[in-house]
Amino acid sequence: MSGSQETEKAVTLERNKQSPTDIELQSPNTQASERKLLLKIDLHVLPVLWVLHFVNFMDRANIGNAKIQGMEKELHLIGQRFNIAVWVFNLGYLVMGVPLMLVFKRFGPRSLCGMMACWGIFVIGCGLVKKWQGLVTCRLLEGMAEAAFVPGAAYLVGTYYKKDEYLTRYVIFFTASIVAAAVNGFVSSLITKMDGTAGYSAWRWIFIIEGLFTVSVSFASWFLMPPFAQFSTFLTASEISLLIARTQADGDEFDVTKDHLSLSVVLHHLKDWKIWTGVLMNLGVTESANSIANFQPTILRGLGYTATQAQVHTIPVYLTGAAMSVIFAYLSERVKLRYPFYILGCAILATGLSIMIAYPKAAGVRYTGMFFMASGAYISMPISIVWTAINTGRGYKRAIALGAIVNFGTAGAFVSSNVFLFEETPRFRTGFSTGLGLCCLGAAAATATAVGCWWENRRGEAKRKVSEEGAGEAAGRESRFKFSL
């Protein structure tokens, strides 16, 4: 379907849409239709994005596995050189996050496929470099190309679901990164058997094979990538009408095709305080999540495990984190609250970090601490992203908010790559202490968000009552939107 046809379809739907009062969302027939609609959306949207995110995280986390398979020695990664190769990736995120999100919003979800092909090429480049400076360059370019993928996918998911359905679906998408991190160690251990093939070391084959796979998947995904909800080609007219009614009943606008974009609009949206508390919430747990991904194999290796044993021992840690993430996302949506579960995740994370600091030499105890770290971080990370997204409405503002929170939030990864000091291996006291401090910062930001949203809801309710008393119910629609707590 061409761009003009898609726009025409969206406008036609907007003209003919029914209000929530016209469609009885609480009737048994409509509830059955909603369940059918949700299942159809789940099957068309989530599997594709899950696979792409799986591949995305495989590429992002493979540097930790490559390091313990000989890359450190061959490229002379002495001192902080490895950390530079890690943090420069996140610099790419910081630079290109919001700009590429605007490109994504303008040209649609298929733009992610092109970005994926680019970062796959740069991953291959990581396996072909001869000097550590080449590795740093490829990692920077990879980070720039990847910057819009996670926030873009989060935005796409959010166009199809109500506020109290969004978190669980996003977490399902998010678990792809956790499973990928677990499987990546096993896959890397298999690839290492190619050591010496065609004259390339095992660590080079890790990058080359995973990069080639990424490029292949990017081409296939072009034909499977779902469009934005307002341009949906897999839903019938009646299903889209129901989707519109659900969105309006949730206090949101469905059609954002006329959303205006300019530099002044972008700057205006970025003044919303909720975006920046969201950045701090994400920052508070991202540092620890990235330390798990990038340094867990090194920590385990330093505790006496072989390279292969270290990679295999990461798998249970990630799978536990994935299970905890899904369980608590479901509970959060059942009770329609995000704040308590974010704080719970921070408490679990803080417990794990405290264990890592207090028991620097006890291998078994530290391994247990990794389970706490992964579980806590993976509970809180998706909540910080979705909670901010649903409190910023839809359209370009949500796109900008997601770009900001995910990519400025990756400053946590920037921090982790600079505080896990080579000379502190495998204790990393500075790294874990910094993570504990950031975890407390995230909890404080979440508390500020909850209090601020509660206060704004009170003000909005008061304005709505005044508007309805003065000009009828229609005049109060602007205050129908309520911030989630």
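Start at 1 and count along the chain as shown; that gives each residue its number.
In case you wondered, yes, glycine gets a Cβ from its N, Cα and C as well.
TrEMBL: automatically predicted annotations, no manual curation.
For reference, TrEMBL has these:
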REGION    1-28  region 'Disordered'
COMPBIAS  1-17  compositional bias 'Basic and acidic residues'
COMPBIAS  18-28  compositional bias 'Polar residues'
TRANSMEM  84-103  transmembrane segment
TRANSMEM  109-128  transmembrane segment
TRANSMEM  140-158  transmembrane segment
TRANSMEM  170-191  transmembrane segment
TRANSMEM  203-225  transmembrane segment
TRANSMEM  315-332  transmembrane segment
TRANSMEM  339-359  transmembrane segment
TRANSMEM  365-387  transmembrane segment
TRANSMEM  399-422  transmembrane segment
TRANSMEM  434-455  transmembrane segment
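At the 8 Å Cβ threshold, with sequence separation of at least 6, the transmembrane segment (203-225) comes into contact with the transmembrane segment (109-128) through 3 or more pairs. For the transmembrane segment (84-103), the partner stretch with the highest count of Cβ pairs under 8 angstroms, out of 140-158, 315-332, 339-359, 399-422, is 399-422. Using a Cβ-Cβ cut-off under 8 Å and counting only residues 6 or more beyond its ends in the same chain, the transmembrane segment (140-158) has close neighbours at 45-46, 49, 52-53, 56, 59-60, 88-93, 95-97, 100-101, 103-105, 109, 111-112, 115-116, 118-119, 122-123, 125-126, 166, 169-170, 173, 226, 228, 385-386, 389-390, 394, 398-399, 402-403, 405-407.
Packing against the transmembrane segment (339-359) from elsewhere in the chain are residues 281, 284-285, 288, 324, 328-329, 331-332, 365-366, 368-381, 383-384, 387, 428-429, 432-433, 435-436, 439-440, 442-443, 446-447, 449-450, 485: each is 6 or more residues past its ends and has a CB under 8 Å from a CB in it. Of the Cβ pairs linking the transmembrane segment (365-387) with the transmembrane segment (170-191) and spaced 6 or more residues apart, 3 or more are under 8 Å, so the two regions touch.
Long-range contacts of the transmembrane segment (170-191) within its own chain (CB-CB distance under 8 A, at least 6 residues past either end) are made by residues 46, 49-58, 61-62, 65-66, 69, 153-154, 157-158, 202, 205-206, 209-210, 292-293, 297, 307-308, 310-312, 314-315, 317-319, 321-322, 325-326, 329, 374, 378, 381-382, 385-386.
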